[in-house]
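Peer 1: The structure's right below; bear with me while I get my questions together.
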Amino acid sequence: MSTLALTGGRVLRPDLTVDRADVLVDQETGEIGAIGPDLGDDADTVLDATDALVTPGFVNGHCHVAMTLLRGYADDKPLDAWLSEDIWPAEAELTPEAIEAGAELGLLEMVRAGITGFADMYFEMDRVADAVDRAGVRARLGHGVISVGKDHEDAREDAETGLEFARAFDGAADGRVRTAFMPHSLTTVSEAIYEEFVPKARDAGVPIHLHANETNDEVTPIVEEHGVRPLEYARELGLLEPGDFLAHGVHVDETEISLLAETGAGVIHCPASNMKLASGMAPVQALLDAGVTVGLGTDGAASNNDLSLLDEARDAAMIGKLAADDAAAVAAADVVEMATAGSAEAIGLPAGRLETGAPADLAVIDLSGPHLTPHHDLVSHLAYAAAASDVRHTVCDGRVLMRDRDVRTLDADRVRERAAAEAAALVERAES
Ligand SMILES: [Zn+2]
């Protein structure tokens, strides 16, 4: 049995208390073998956690990882114009090679930020799955199905692509890759496609992930056309089963919040993207009070513009207080829970808690920075003061992905150079 020990630090427990303890990992099973004092003596590999906090790996519940290529390409525009004038024309020029390069860049960034699992909706997902395999993290992946701008046969073909990917790649990368059927949203995918493919996704045994209730512009047409709120329409289409999860949930009313709580479908809150695109403020405290499973996501890098769950946690707390008009709302513990166990539960990955027998997916946060001194409350630090650059080590499935800020699974220089070249070529094609 080969073992890994994280020694000399403090550990964030599932109840969000912190105590001094070592963590011993069985690298063959990828699980945590023990948490307690003096576990490092006989370990094969030791990671120093002195003056640091061992936390569950962060889980990015909603992303389009290859959009790192469009980071900083178009900013400061409303969602509709941003998509139609900048993002969609550029995405039309994406090649499989570009998507793989963008995915690797995003994965490099996420491993450095202590993210050990994520959900991703995009195109050429076999390339993304390969990059996930190399990077060593876990993921819930799906092809983004869109029917607007296509005739019905082309839309069916796109949905078939999504279904085939979900069937073929579920369990890939030694089980670290899981899949979902991912229709883009309720307004960009036709009713006929939902009617045909939701039952097929159920037969395939995969969950469904979509964008929902992101902007008011998306809610109004559904209410006008179908006479019900978007999530009532989603329920009629057979969506919102346990295991399903939606991104955003910004403009949800009380009926829809109850519907989410009743059905067990999760919500991935993406506060930075919602603020940047001025989409609105999700009623996060109301969702939590209703018992809805809420996770956190960065969304794509073009609307964030980074892939840090620590930034997202701070944003979630800040905007959650504003939305509730209550400084006690969306507290530090709430956002730390959302960034770890909440996201993991919503997207269905076995992660988010440090306890014996759990998968060894974890991050070690260096607490020595002046911005993390003194140490009154480390949960407060995670929510309000820590940054991605404070992450010292990242471990997933018992494997060391980053040691002393050096990513072991990806060649950082090569990944950055390749992504920069692909991004420059992409923009040139889009603008020529
Ligand atoms: Zn999105």
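Cβ from N, Cα, C; glycine included.
Heads up, here are the entries from TrEMBL:
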type    : residues              : note
DOMAIN  : 53-400                : domain 'Amidohydrolase-related'
BINDING : H62, H64, H211, D299  : Zn(2+) binding site
BINDING : E91, H184, E214, D299 : substrate binding site
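How about a rundown of where these features are and what they're close to?
Peer 2: A coil conformation is recorded for D299 (Zn(2+) binding site) in the three-state DSSP classification, outside any helix or strand. Non-local neighbourhood of D299 (Zn(2+) binding site): H62, C63, H64, A247, C270, A272, S273, each in the same chain, at least six residues away, with C-beta under 8 Å from its C-beta.
Long-range Cβ contacts of E214 (substrate binding site) within its own chain (separation 6+, distance under 8 Å): L79, S185, A247, H248, V250, H251, N274, S279.
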Peer 1: Got a sec? Which of these binding-site residues, H62, H64, H184, H211, has the most Cβ atoms within 10 Å?
Peer 2: H62
Peer 1: Of E91, H184, E214, the binding-site residues listed, which put a C-beta under 6 Å from ligand 1? Please answer none if none do.
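Peer 2: Near the molecule: none at all.
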Peer 1: How long is the line from the C-alpha of H184 (substrate binding site) to the C-alpha of H211 (Zn(2+) binding site), rounded to the nearest angstrom?
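Peer 2: It is 6 Å, counting Cα to Cα.
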Peer 1: Three states by DSSP: which one describes H184 (substrate binding site)?
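Peer 2: Reduced to three states, the DSSP call for H184 (substrate binding site) is coil.
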Peer 1: How big is the Cα-to-Cα gap, in Å, between H211 (Zn(2+) binding site) and E91 (substrate binding site)?
Peer 2: 18
Peer 1: So which other residues, same chain and not among H62, H64, H211, D299, have a Cβ within 8 Å of the centroid of the Cβ atoms at the Zn(2+) site?
Peer 2: C63, M121, A247, H248, I268, C270, S273, G297, G300
